[in-house]
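Under the heading ATP binding site, Swiss-Prot lists D258, R265, R280, E310, F350, R427, K433. The active site, N6-AMP-lysine intermediate annotation in Swiss-Prot covers K260. If you look up Swiss-Prot, you'll see 568-601 marked as region 'Disordered'.
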Amino acid sequence: MEFKVIAEYFDKLEKISSRLQLTALLADLLSKSDKAIIDKVVYIIQGKLWPDFLGYPELGIGEKFLIKAISIATNTDENSVENLYKSIGDLGEVARRLKSKQQSTGILGFLGTSSKESLKVDKVYSTLSKVALTTGEGSRDLKIRLLAGLLKKADPLEAKFLVRFVEGRLRVGIGDATVLDAMAIAFGGGQSASEIVERAYNLRADLGNIAKIIVEKGIEALKTLKPEVGIPIRPMLAERLSNPEEILKKVGGSALVDYKYDGERAQIHKKDDKIFIFSRRLENITSQYPDVVEYISKYTEGKEFIIEGEIVAVDPESGEIRSFQELMHRKRKSDIYEAIKEYPVNVFLFDLMYYEDVDYTTKPLEVRRKLLESIVKPNDYVKIAHHIQVNNVEDLKSFFYRAISEGGEGVMVKAIGKDAIYQAGARGWLWIKLKRDYQSEMADTVDLVVVGGFYGKGKRGGKISSLLMAAYNPKTDTFESVCKVASGFSDEQLDELQKKLMEIKRDIKHPRVNSKMEPDIWVEPVYVAEIIGAEITISPLHTCCQDVVEKDAGLSIRFPRFIRWRDDKSPEDATTTDEILEMYNKQPKKKIESPPIDESV
């Protein structure tokens, strides 16, 4: 299969904003792809070489490396490449223009390369894999030579998307949900197969693997798919409410209630003597927690399992729970064994999804919890999350206050009974978060996605000082603007912000972003931040839940304030538009709706 086919489809996809059109075009690409390499095609569409959970290196190629490779491939002086890049702001477009110029002036033939020698997807994939995996002395020069070699063989359009792929900035506006729908259309006979494909992806979060199974065995093979140790399950997510009475009513009057710990959610896999730890974002974080690997090996029973819990920093002297920030300090230390001494951790387990070749995601919570408790040996490091069973509001409140007093964020209220399955990859009312209230503020924080930035004035002139934030709409796979955040940042964070956003800056709005407000710069929807505010209000400036509460208006957050970055969350893990609407409906209503803030100031 020629890489040109993918490049041509990427070129079309980049110009489309309609999700339906994106999906149809993507389905067409998948149906025309070589089935023998369908997994690689899917990974390339996702903008990666392999799933994050494998823990393999990313391409990690900086601008200077790419400029050098483009310079060699197009026989252009490096300074000229750099100047063109400064003028255009897109290295992919720089590569396209220089390759076009090279072809038109006949230099290509002079250099001994032939446009008839087409670039194959297999060749692109194997070469880029070598670039990613090459380390040690001389690796820099080898990486540049390998990239330059690919670019020499590429036509202008191929060069554009090769460079963007290596940068990690394809800019074609495709999320995993769109890929899933396209796979259902291409291989499953239509949109009706989406649920089958989505269920399989939720149990095995590897789109390339799912595509390979479909083309080799058919869509029916996905129906019997079970979790597999080493491939993470997409985590079950909770809804949120701030009223204990309503929560208990939602779950049917009785529930299992766990402490909600302020740590890092972890999915732990074991097969024989091998143990893997995956983050909430399904990244392989095993190397960050050698102590947890040791604890699981020592204090759990079973040859093969997938369990879930929270890794929490604890005080080395008292054993008391420390904050999430303490855990982040540990992750920033270069010497992991020194970090283990300074920031020890405990693991609080709360679920079991797979055990000894049996899929437990379809079994009730009480069955899963009972088995989980039976495989943990008595010890001081790996424990079952502190929990009780409640059937009245008083007990729920009492346990909630106890959780807060002992350093927790609140509690997780979980439905029990035969229907209380593990809903992989889904957010629903089987689990409900009850977190502490914030005085004079919203009942809970929200996690929003950065989609744009605004330049400051005065001493912050010319630098980003506020952010356009959006909530995720899973129904449309888009990000809808909610607020503009300008407070809560330290000077150090603002300086860091400038660098972060410049790396993901876009010339135009991302196809998955829905916003009336025009920021000074648009960015890729990559970063997630935790935000608090005074209340949720109706606003004509924002698109979150537009026309749902009031015609021509959406919902916004009044007096939003930045709390922290949520590096553990992907953009699709952000607070949903439905959750924002639910929070709006639950907050005490004033006689007159708060006027929208003029966010242009």
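Quick reminder: no glycine exception, Cβ is built from N, Cα and C everywhere.
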Field: Inter-residue C-alpha distance, E310 (ATP binding site) and K260 (active site, N6-AMP-lysine intermediate) (nearest angstrom)
entry: 9
Statement: Row the residue listed as 'active site, N6-AMP-lysine intermediate', column other C-beta within 10 angstroms, all chains, value 24
Binding-site residues compared (R280, R427, K433) - highest count of Cβ atoms within 10 Å: R280
- prompt: Out of D258, E310, which of the binding-site residues is least crowded by other Cβ atoms within 10 Å?
  reply: E310
Nonlocal residues around R265 (ATP binding site), in sequence order (Cβ under 8 Å, 6 or more apart): P235, S279, R280, E308, G309, E310, I311, D568
Field: Extent of the ATP binding site in Å [max Cα distance among D258, R265, R280, E310, F350, R427, K433]
entry: 18
Length of the line joining the Cα atoms of F350 (ATP binding site) and the residue listed as 'active site, N6-AMP-lysine intermediate', in Å: 10
Protein Cβ atoms within 10 Å of F350 (ATP binding site), excluding its own: 25
